[in-house]
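Chemist: Following this message is one structure expressed as structure tokens.
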């Protein structure tokens, strides 16, 4: 349900941005994003506090995962991929339809919130995707007002991408034992706080470089069997 709501908010927000762009000043969009940034940070804190995660495992996964992510520099590769795809698509297209589609698709799909949200929904927690839906809805207004209808088309790709992660996590239901679910909520909450800080512009945190934290934790709990 959260994935469908996410796609709908992009459609609605993008349409509003195209049709009523002159009625939504930039300062209003910034204030809305700031409010959503606070909500995201609070969501992350809530996820962390509600998770009865093993602190030793969490700290170990954070250290190993962040070192691995920084060594690989996942954030840099994601940005390079985005720049490459956008240049290729923009070069072949007339106007800014492709630019809007590629830019919005990468923004909505690449971040950790899409991955964590889809996995959490498979585990029965849709709150993360609902928050993401609100953020994407507001940002799609700004993107569409600047880049046109291409932003609206990105809703389809977002739905397919997050749906694929959801189906994969659902198919691997037995893989996600109780301890692993607690870890995903705890570690995922930390990552989501980082996303909230980025939205608020307090500090630039390369949250993508922290994604291996989830991988190492899940591997650990799979090996020990919960």
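Keep in mind that glycine also has a Cβ here, set from the backbone N, Cα and C atoms.
Sequence annotations record features per position, and here TrEMBL assigns transmembrane segment to 6-24, 31-49, 55-74, 95-119, 139-161, 182-201, 207-225.
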Chemist: For the transmembrane segment (182-201), which partner among 6-24, 31-49, 139-161, 207-225 gives the most CB pairs under 8 Å?
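Modeler: Per the Cβ count, the answer is 31-49.
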Chemist: Going through 6-24, 31-49, 55-74, 139-161 one by one, which has the most CB pairs that fall under 8 Å from the transmembrane segment (207-225)?
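Modeler: Maximum Cβ contact count belongs to 55-74.
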Chemist: Near the transmembrane segment (55-74), which same-chain residues lie under 8 Å Cβ to Cβ, leaving out any that are not at least 6 residues past its ends?
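Modeler: Sequence-distant neighbours of the transmembrane segment (55-74): 183, 186-187, 190, 206, 208-217, 220-221.
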